[in-house]
Each structure stands twice: as C-alpha cells, then as structure tokens.
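Structure record follows, encoded as structure tokens.
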Amino acid sequence: VLGHPKYKESKRIAIFLSMPDEIQTEEIIQDIFKQRKECFIPRYKPQSNHMDMLKLLSAEDISSLALTSWNILQPGDDDTAREEALAAGGLDLIFMPGLGFDKKGNRLGRGKGYYDTYLERCMKHPRGKPYTIALAFREQICDSVPVAENDVQVDEILYEDC
C-alpha cells in the first residue's frame, strides 16, 4: 500500500478503522500522518445507509473516538467540529473493506450499502469519484460475488501476492 502510486500521489485519503476480521489499517493511518496527508474515517449513521468521511486529526486521535454497537470506533454524533470530506475538498483515494471480492472489482460488503451510497455522493462532488482500493486477504478473492444494480465496483483490489 505505502508504495502504491495512487497512495503516493493522494493528499486526501479516506480509510476504515479495522474490525478484527479485516486487514489492519493502523500502520497505513500512521503513515498518512507521517507523510502529512489528510486522513478521513467513516462515521456510519445507524438505521440508514448514510455515511460521512470525517477528518482524523492525528493517529492518536483514534483513542478519543466512541465505540459503536458494531464495535467500530468512529466520531460521535455530537462531534460536529470535524471536517467532512465532501463538504470541503473531496477525496483523492478511498481504502475500502469488504467480506469478499471478485477480480472484476465487485465487492461484497456487510449489506447496508454505506460505501455505494457514499461513492454516489462523491460522483456529484466537483472533484468526482476518488480512486478506490479494496484491502483484502487472498482468501476473500472469489470467482464472483453477488451484485445489485446500485453496487459500485472498486478500481483495484490489493491482497497478498496479487
């Protein structure tokens, strides 16, 4: 990831905070700050498919975040001071999680459509859709995954030995 050309050229990056069964992103987040890039993380709205990408102030800032019922750290609903990526300069790159992927770029998420609806909003931003990279374990690469009409394909899937 750290040597990837899209990562190197990107200044505004959105990345997920890992769940235990996902690729761990802590080192990537630390490098984003080391490289003086801007880092944004998801804030999911329960009982909807709405997600915003909010600015993380530092790698240490993660410890100030609230734990959701899904065991995901994210800024609380009362945290209104953080910059939302689309309200400002948009994003260059989004690192995405998933449960399964196929080599055509289809992604199986957790079923709520958060990333698909967020990417639809990105497409309406003046900067357009950011480049998307899914981070996966080799075991998550399938021949095909089920897709729906509103699913947005990822631009690239990175996994061990890909």
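Each residue, glycine too, has its Cβ placed from N, Cα and C.
For L17 (substrate binding site), the same-chain residues 6+ apart in sequence whose C-beta sits under 8 angstroms from its C-beta are T25, I29, I41, P42, I62, L65, I72, L73, Q74. Per TrEMBL, the feature substrate binding site maps to L17, E22.
Residues or ranges marked as ATP binding site in TrEMBL: R107, L108, G109, R110, G111, K112, G113, Y114, Y115. The number of other CB atoms found within 10 A of the CB of Y115 (ATP binding site), across every protein chain shown, is 26.
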*Have a look around R107 (ATP binding site) and count the other CB atoms within 10 A of its CB, chains all included.*
24
_Integer Cα-Cα distance in angstrom, G113 (ATP binding site) to E22 (substrate binding site)_ = 18
*Sorted by position, what residues of the same chain at least six away from G111 (ATP binding site) have a C-beta under 8 A from it?*
none
